[in-house]
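**Q** The structure under discussion is supplied below as structure tokens; questions concerning it will follow.
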Amino acid sequence: MNKNSSNIMALAPSTSNKRETVCIFGTGDFGRALGHKMIQSGYPVVYGSRSTQISNLIPRDAEVLSHAEAAKKAAVIIIAIQRQHYNFLTKLADVLHGKVLVDISNNLKLNQYPESNAEYLAQLLPGSKVVKGFNTVSAWALQSGTLDASRQVFICGDDVEAKQMVMNIVRGLGLTPVDKGSLLAAQEIENYPLQLFPTWKFPIFLSLGLGLFFFFYCLVLDVIYVYIHENNNFSFFIAITVPNQVFPAMALTLFGLVYLPGIFAAIVQLYRGTKYRRFPDWLDKWMLCRKQLGLIALAFASLHAVFTLVTPLRAFSSWRTSRRIVSQVLNNQTEPLNHTNAWLSDSYLALGILGFFVFVLLGITSLPSVSNSVNWREFRFIQSKLGYLALILCTAHTLIYGGDWFLNPSAYKWYLPDIYMLSLVVPCAVLVVKFVLILPCVDKHLTKIRQGWERNPRYSE
């Protein structure tokens with residue numbers, strides 16, 4: 001009932017433009033920046049401070065009083081001080097009784113204390129209504145006005161009316177409040193600013209490990225092997241040639257890894273005969289980071305495109321071309337056009353361009369501003385149907401690039417396959433299994449499972 005009424009209050013138009021006075025305890029960077037933003041938005045602001053002297057750092061139209069006097073002037077008090085200084089608030093328990101206290105503090109590390117700062121504040125002042133909020137907005141963003149990247153303000157608290165008051169202030173500042181529930185969510189909210197790309201850790205570490213493996217693999221085959229067996233120093237390959245073999249191998253492998261967990265999920269559901277059981281943890285985490293893997297793969301594909309464009313500018317390319325021309329002149333021979341190679345070359349380039357175009361389209365639609373403008377069916381069509389189309393095009397691009405080179409014994413230096421052969425393992429496996437899964441006899445059964453059918457239902461009707 002309270003929840004519904006709060007939603008109605010949030011949607012109801014304001015009957016007055018008059019803003020209530022807001023008190024801020026603390027005159028640090030964030031307290032000053034928040035006060036300045038509130039004054040710009042029409043809120044009267046009074047600061048509670050140990051020193052009541054007006055400072056040039058305090059917003060011009062703000063009032064500075066002692067903590068007790070400032071608290072008496074407002075129903076909402078923003079606590080812009082660190083947790084270790086909360087103890088002095090117990091002396092103001094009578095003045096703060098019934099007031100809404102907004103805890104905006106953060107910690108230096110994840111789960112630094114057994115309980116959240118907001119819960120600790122509520123324990124110190126049981127007569128006050130504690131709300132967590134504003135801790136995910138930076139002072140710099142408030143001062144500079146660049147709030148696009150941090151417009152959401154996470155709010156939580158046990159008192160519905162107190163949360164609504166704070167959410168109204170958030171809206172008044174031009175920000176978007178997000179209700180995260182009771183004060184128990186404060187620990188999670190306080191951890192948000194301390195997390196450094198949490199969903200990117202696995203994709204980044206995987207990319208680093210895979211990239212180092214591919215780099216040293218190419219280094220061994222294209223530099224070390226040539227130096228030992230042919231006594232040629234091609235160490236300059238490290239700058240352009242080796243990276244331009246690693247980048248496409250990384251892009252194609254990571255792109256295949258984007259769709260591989262979906263293949264595993266389908267196999268697990270077919271094996272279990274139900275969709276009502278959780279996937280293994282490793283598969284759950286893998287599926288949650290598919291977007292990040294895809295974006296990293298797109299970055300490597302973009303680097304491959306750029307490096308390929310600059311390849312003709314290399315001194316080695318010019319030397320090799322001039323050497324071929326001089327050889328033909330000295331031998332008085334002209335190499336005829338090989339139409340088969342011409343077809344393969346043009347097809348290889350065309351498939352690469354088309355695959356990269358669709359790949360870029362997938363990357364664009366994964367942006368929140370774009371994905372929010374399409375419905376679920378459209379988003380699924382782009383990410384699934386067009387995604388597999390891009391994977392097919394990129395895989396075909398690599399296959400035609402290699403041609404029948406894999407049949408040539410000289411392609412296996414030290415009995416090791418070329419890097420392009422390694423890059424085809426994951427995407428080819430994905431496409432082969434996906435082809436089996438879309439066969440009518442298999443797809444029909446899988447669709448039934450995903451619509452709720454169970455082979456062995458737990459509960460009979």
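Here the Cβ of each residue, glycine as well, is placed from N, Cα and C on the backbone.
All TrEMBL annotations are machine predictions without curation.
Pulled the feature table from TrEMBL, pasting it below:
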- 21-107: domain 'Pyrroline-5-carboxylate reductase catalytic N-terminal' (DOMAIN)
- 204-228: transmembrane segment (TRANSMEM)
- 248-271: transmembrane segment (TRANSMEM)
- 249-394: domain 'Ferric oxidoreductase' (DOMAIN)
- 292-313: transmembrane segment (TRANSMEM)
- 347-365: transmembrane segment (TRANSMEM)
- 386-407: transmembrane segment (TRANSMEM)
- 419-442: transmembrane segment (TRANSMEM)
**Q** Which stretch from 204-228, 292-313, 347-365, 386-407, 419-442 shares the most C-beta pairs under 8 Å with the transmembrane segment (248-271)?
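**A** The stretch with the most close Cβ contacts to the transmembrane segment (248-271) is 419-442.
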**Q** For the domain 'Pyrroline-5-carboxylate reductase catalytic N-terminal' (21-107), what does DSSP give as the number of helix, strand and coil residues?
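**A** Once the DSSP states are binned, the domain 'Pyrroline-5-carboxylate reductase catalytic N-terminal' (21-107) shows 32 helix, 19 strand, 36 coil.
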**Q** What residues in the same chain, six or more past the boundaries of the transmembrane segment (419-442), come closer than 8 Å to it by Cβ-Cβ distance?
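**A** Contacts of the transmembrane segment (419-442) (Cβ under 8 Å, skipping residues fewer than 6 from its ends): 214, 217-218, 221, 245-246, 248-250, 252-253, 255-257, 259-260, 263, 266-267, 270, 388, 391-392, 394-395, 398-399, 401-402, 406.
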**Q** What are the DSSP helix/strand/coil residue counts across the domain 'Ferric oxidoreductase' (249-394)?
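**A** Split by secondary structure, the domain 'Ferric oxidoreductase' (249-394) comes out as 123 helix, 0 strand, 23 coil.
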